[in-house]
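The structure appears below as structure tokens.
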């Protein structure tokens with residue numbers, strides 16, 4: 001098997017195996033080939049990982065932020081040196097095209113290590129508060145053992161987005177990747193050890209639905225950060241709430257992307273395509289409800305159809321390929337069921353909706369699909385599909401489209417395309433979403449906070465704001481005179 005790791009888990013600085021765990025097969029989505037076979041963590045493996053993290057964390061927390069940051073910056077250097085190797089592994093693990101992974105996956109993980117490694121000394125500070133003769137000061141202190149639970153769309157990036165702020169803040173982490181994409185996080189753990197990270201601080205264990213509760217409910221875990229679906233997020237948040245654990249939830253969305261009639265048409269179409277077809281549509285922040293002002297609807301659709309049908313679909317390891325397969329057969333079948341619902345409920349199929357002709361029969365491919373004449377009540381306009389399916393809806397005016405855009409349980413992202421920047425900012429203020437883009441879409445540099453509102457989650461990944469979710473504030477009051485007591 002061409003991507004078989006040394007063992008299933010990485011604990012306390014070394015690979016660990018326990019063949020008693022349920023078998024997890026990593027499948028290359030383009031061909032159906034089994035590229036690795038691993039085992040889910042047994043309760044004993046979970047205990048071993050958490051114990052290693054708990055043992056290593058206090059000494060790590062006692063180091064200066066500068067010293068911790070230096071190690072993370074070295075890890076970033078190593079990731080960049082091995083970008084090709086890591087990108088090919090990510091492509092095998094997920095099915096995403098190499099032309100995408102080589103610029104967007106390990107590189108964004110390296111950016112995260114570099115950013116947090118550099119910003120920590122200045123960001124992990126407190127305040128001095130004069131109180132007359134007395135004074136107080138505050139300091140940010142680490143939480144302890146943190147659990148990261150990843151999704152299968154950006155496995156290496158998510159491991160770094162959670163690991164970097166947790167580690168630089170002085171915590172230890174046990175990270176569980178998705179069972180669909182188990183390989184990349186193991187390489188991140190290897191690189192961190194090579195960069196000088198003390199053993200036990202970043203542990204990776206494999207698992208399935210039975211593993212998550214063992215981690216979330218463990219009494220030594222102080223924090224859980226999840227990237228996943230809304231139903232999973234509710235279960236994890238509920239379990240964490242029972243023990244008052246800290247949580248960050250980055251969940252799903254059904255985000256609106258609004259195109260006004262004065263927008264640059266090519267840019268708006270490009271933004272809509274990036275917000276629906278990048279990573280084969282498997283991006284939580286995708287703008288899958290594309291509201292197009294009625295005046296430009298048909299020109300928009302005509303050009304969108306032309307550009308969509310020119311997308312190169314094929315072998316993800318071919319650098320000419322622009323769109324790869326879905327991550328799994330189960331996800332492909334789920335997306336096809338939504339396409340069927342769109343047709344049945346009266347949406348107009350503009351393009352796509354089937355299997356490409358030029359691909360392996362064992363691959364989990366779907367044509368990029370565009371529906372028009374979609375109405376707000378249709379299933380494809382209400383539920384997260386998580387595949388390359390774009391819904392185009394008509395609108396007439398600003399007030400109407402804002403109300404319709406907000407009429408959803410989700411609130412992860414939103415986008416606005418218009419030449420009128422005054423209107424752009426006004427609309428952005430009124431849209432109920434945690435992350436918004438104006439005249440672009442789905443750009444998430446590490447310098448800016450990323451996260452949602454409503455049922456799309458809470459807390460933020462990236463930027464200095466993320467450090468607040470991996471630390472808590474300690475206040476110290478210093479008395480400078482005798483204590484006055486009425487006793």
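Any Cβ shown, glycine's included, is placed from N, Cα and C.
Because the structure is a prediction, the values reported are computed rather than measured.
Features of the protein shown, as given by Swiss-Prot:
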type: BINDING; residues: 26, 27, 93; note: K(+) 1 binding site
type: BINDING; residues: 150, 151, 152, 176, 177, 178, 179, 229, 230, 231, 232, 252, 284, 384; note: NAD(+) binding site
type: ACT_SITE; residues: 162; note: active site, charge relay system
type: BINDING; residues: 244, 454, 457; note: K(+) 2 binding site
type: ACT_SITE; residues: 250; note: active site, proton acceptor
type: ACT_SITE; residues: 284; note: active site, nucleophile
type: MOD_RES; residues: 284; note: cysteine sulfenic acid (-SOH)
type: ACT_SITE; residues: 461; note: active site, charge relay system
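Annotated features, which come from Swiss-Prot, shown on the structure.
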| residue | record | Cβ within 10 Å |
| --- | --- | --- |
| 93 | K(+) 1 binding site | 29 |
| 150 | NAD(+) binding site | 26 |
| 177 | NAD(+) binding site | 26 |
| 179 | NAD(+) binding site | 19 |
| 232 | NAD(+) binding site | 18 |
| 244 | K(+) 2 binding site | 8 |
| 250 | active site, proton acceptor | 27 |
| 454 | K(+) 2 binding site | 18 |
| 457 | K(+) 2 binding site | 28 |
| 461 | active site, charge relay system | 26 |
Nonlocal neighbours by CB distance (under 8 Å) for residue 27 (K(+) 1 binding site), same chain, sequence gap 6 or more: 33, 34, 35, 328
Minimum Cα separation from residue 284 (NAD(+) binding site), reported as the residue among recorded positions 26, 244, 250, 454, 461 that achieves it: 250
Count of other CB atoms lying within 10 Å of the CB belonging to residue 284 (NAD(+) binding site): 24
Helix, strand or coil at residue 232 (NAD(+) binding site) [DSSP, three-state]: helix
26, 93, 162, 454, 457, 461 filtered to the recorded positions whose C-alpha is within 10 Å of residue 152 (NAD(+) binding site): 93
Of 93, 162, 244, 454, 457, i.e. the recorded positions, those within 10 Å of residue 150 (NAD(+) binding site) when Cα atoms are compared: 162
Any further residue of that chain within 8 Å (Cβ to the Cβ centroid of 26, 27, 93) of the recorded K(+) 1 site: 3, 25, 28, 29, 34, 35, 36, 92, 94, 180, 181, 182, 183
In three-state DSSP terms, the structure that residue 26 (K(+) 1 binding site) belongs to: strand
For the recorded positions 26, 162, 230, the one whose C-beta sees the most other C-beta atoms within 10 angstroms: 162
Candidates 250, 454, 457 (recorded positions) - the one closest to residue 93 (K(+) 1 binding site) by CA: 250
Rounded to the nearest Å - Cα separation of residue 26 (K(+) 1 binding site) and residue 461 (active site, charge relay system): 27
Distance, residue 454 (K(+) 2 binding site) to residue 232 (NAD(+) binding site) (CA atoms, angstrom): 15
Cβ neighbour count (within 10 Å, all chains shown) around residue 152 (NAD(+) binding site): 21
In sequence order, the recorded positions (162, 177, 179, 244, 454) whose C-alpha falls within 10 A of the residue listed as 'active site, proton acceptor': none
Cα proximity to residue 177 (NAD(+) binding site), best match among recorded positions 162, 244, 454, 457, 461: 162
